[in-house]
Every structure is written in structure tokens, then in C-alpha cells.
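Undergrad: Can you keep this structure in mind? I'll have questions shortly.
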Amino acid sequence: MGELRGTHVPVLLERCLELLAPALDRDRRTIHVDATLGLAGHAEAVLAAHPETILIGLDRDTEALAHARARLARYADRIHLVHAVYDELPDVLDRLGYPHVDSLLFDLGVSSLQLDAPDRGFAYAQDAPLDMRMDQTRGVTAEEIVNSYSHGELARVLKVYGEERFAGRIASAIVRERERSRITSSAFLAELVRDSIPAAARRTGGHPAKRSFQALRIEVNRELAALETALPAALDALAVGGRLVVLSYHSLEDRITKQAFAGRARSTGPVDLPVELPGTGPTLRLLSRGAELPSEAEVAANPRAASVRLRAAERVDPERAGGPKATGRADRERPRRRVKALHIPGATAPGRSDVDREKGPSGPGDADGTAVEGEGS
Ligand SMILES: C[S@@+](CC[C@H](N)C(=O)[O-])C[C@H]1O[C@@H](n2cnc3c(N)ncnc32)[C@H](O)[C@@H]1O
């Protein structure tokens, strides 16, 4: 196992620490869950900043866990590192005997370890077996999907998860090619995708295979289904005063996060009453208004941050009565730049690196094309 420290800069680290601090700085031992431990950049910073905090770190990638364990060796007496998909969080907490936690962080998507590994098949720029599993111990590979899905299923995956305009043409090329011989290499697939896209369209939006590779990765790892289950469970696990921070890298992830927060941030009391009744108040207070973007300085220092969208919320007590009714709008702690433009699928943000482009198209708007700005979610 090589030394990876220093090759990965945690995204929006200072902002994450700032948002998590009020939940972790208490006069008692506190529990932080890093649901996507990766190379433990965020986790290490949390442990360093909060000497009384216990970390529960989850990752579905055994290689990432091994690196994280080595990196966090000096904190061995206050960490639990668990090989799990984050939708297994309730079982993990149950097994460890922690019914409630004080904070959670989800830093979604793939890690630099996964993207840069020459043999894991995530990168269209390197030839490798078509694997793309974050957890190499289980699940179907991209090769199995590419060679077994029907034309319709392939086109749906490419269109929905990759926002690929030419999904039907690419699916046809895959079906045609695999009749000749099984498709097994990432370079071959990248070339096939490139050749399926009209020449004029190839000139914009980065590498022509970017969107298709992202779509396959999401399908292989069932990423969105896991997130849809995990976020409500994470919110349920938060103690009152506890905080959740989510870093998304494309519009579908961000939309799931927005929806998971929205219902809990509103009153369930009678609409015509100006004050809350006991038990009808929101269970969440939004800490970010809409989706927060990285600053230009952050993107310059860390190109992987270019497509990030941050949302954060705090668990509150719904029994608090008598206060003014919540609107579901964010009680922002610090103003930051907000999403300004509609997402144009395939458009490339200035300054993004190739690696970052691989991380996803990351439209600032919702997947349905609606702008996030002004949503006051
Ligand atoms: C962007 S990296 C996290 C980087 C980390 N914050 C750091 O500072 O090093 C995302 C990590 O989450 C893991 N991951 C993605 N989806 C997951 C899931 N559903 N359950 C558990 N881990 C997941 C990946 O294997 C990867 O290691």
C-alpha cells in the first residue's frame, strides 16, 4: 500500500469543519460519522480539531479503509472504521451501540484513490478492465452491465445518470460491438462512445466519454438508491443539535439531498396558525441556503472542488412550541456565493481539470434543469 497522504486535498475542508464544530464542541464526548471515509482527509481534520470526539468511519472500498486506518493510526483509541455501504448506517450504529450521533459528513462520489488507480476502470483516460466497483468484494462490474443490459436499459442509464444526449446512439454501438466480441476494456469503450457522438458535438463538454463513464459508475454502485435510503436514516440518527453536511458532485445527488432536507425543515402544523404547536415544528434547520458553491480560490487550489455543492442542516426539537412558524428557508450562518446559472448538460466549468471532469458533469441546477438559485430550500 503506497503512501497517499498529500495527494488528496479534502474538498471544502474549512467550511465543513466550521459547520460541524457547534455539534461537536460540547462538554461531553461526541460522536462523528464520516459516511464516506475515503482517504480520511476530512476525518483526520475532525479528530485533530475535536479531541473528545469519537469517529465512526464507513467506506465500501476496502483499499480506502486500509489507507484511512494507516493515516488515522495515532487516533486508534477513538475510531471505529467499518467496511459498509452507507445505507447500512443504522445496523452499524446498532452494532457499535450508538443510538444517536452528533454529526455526519457525506463527501459523495469517487475518491482520488479510485480515479487514479490504473486497474479499477473508473477513468476513461487509462486502459483497464471495465470494473468500476467501489467495493471490489461484491456486486456487478461495468463489464457485466455493458455486455448484458438491453439497448433500452443502457440508453436509460446513459441518459438519466450521464445526461447524455446521444444515449441511444451509444447504446446501439455497444449492442452492435458486443455481438462481435465481449467489451472488456475501458479504452475500447471510451473509443466506442467517442465514435458514436457526432463530430461537432465532440468539440464541447470535455472528453466525449466522460458522461457515459459517470453513468456506468453510478449504475454499477447503485449510488443514488443508496443515497436515497441513507440520508433519511442519517437524519434519524442525529441527536437534537446534531449536524449533517453533504458534499454532492452532480445534480442528481444534490437533488436527493435537497429533497431529504426539505420535508423535515417545514412545519406540519395548521397553515393558518402563525405559531408552532407542540410537536408540529420542523425537525431540521437548514444551515445552507440553496446549494453552496466553492470559492474561486478553493477551486484554484483544489480542482476537484470545482463541481461541489454543499448542503448542511441541524436537527432541532419539534416539541418547541410558541415560536414563529418555520418557512423551510435556510437560517444561513455565513453568506457564500450561490448557484447562478442553469446547468447545461455537458458544459464544462472553466478551470476544471480532467480528473475533476471525470467526477461528473455537476450541473449547478437540479437534474430537471431548474436553477437552484432562489429556491430557499
Ligand atoms: C470523495 S471520497 C471521500 C474522500 C474523503 N472525504 C477524504 O477526505 O479523503 C468518497 C468515498 O466514499 C466511498 N463511498 C462512495 N459511496 C459509498 C457508499 N454508498 N457507501 C460507503 N462508501 C461510499 C468511496 O469508496 C470513496 O472512498
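Cβ coordinates come from backbone N, Cα and C, glycine included.
Annotations in TrEMBL come from automatic prediction, not curation.
Source: prediction; values computed, not measured.
Pasting the feature list from TrEMBL:
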BINDING   A40, G41, H42, D59, Y86, D107, Q114  S-adenosyl-L-methionine binding site
REGION    311-377  region 'Disordered'
COMPBIAS  311-334  compositional bias 'Basic and acidic residues'
Undergrad: Same chain only, sequence gap of 6 or more: which residues have a CB within under 8 Å of the CB of D59 (S-adenosyl-L-methionine binding site)?
TA: T36, L37, G38, L65, A68, L81, H83, A84
Undergrad: Do any residues at least six apart in sequence from Q114 (S-adenosyl-L-methionine binding site), in the same chain, have a Cβ closer than 8 Å to its Cβ, and if so which, in order?
TA: D61, A64, R120, F122, M134
Undergrad: What number of additional C-beta atoms lies within 10 angstroms of the C-beta atom of A40 (S-adenosyl-L-methionine binding site)?
TA: 29
Undergrad: Once the DSSP letters are reduced so that anything not helix or strand counts as coil, what is Y86 (S-adenosyl-L-methionine binding site)?
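TA: Looking at the DSSP assignment, Y86 (S-adenosyl-L-methionine binding site) belongs to a helix.
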Undergrad: According to DSSP, collapsed to three classes, what secondary structure does H42 (S-adenosyl-L-methionine binding site) have?
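TA: Its secondary structure by DSSP: helix.
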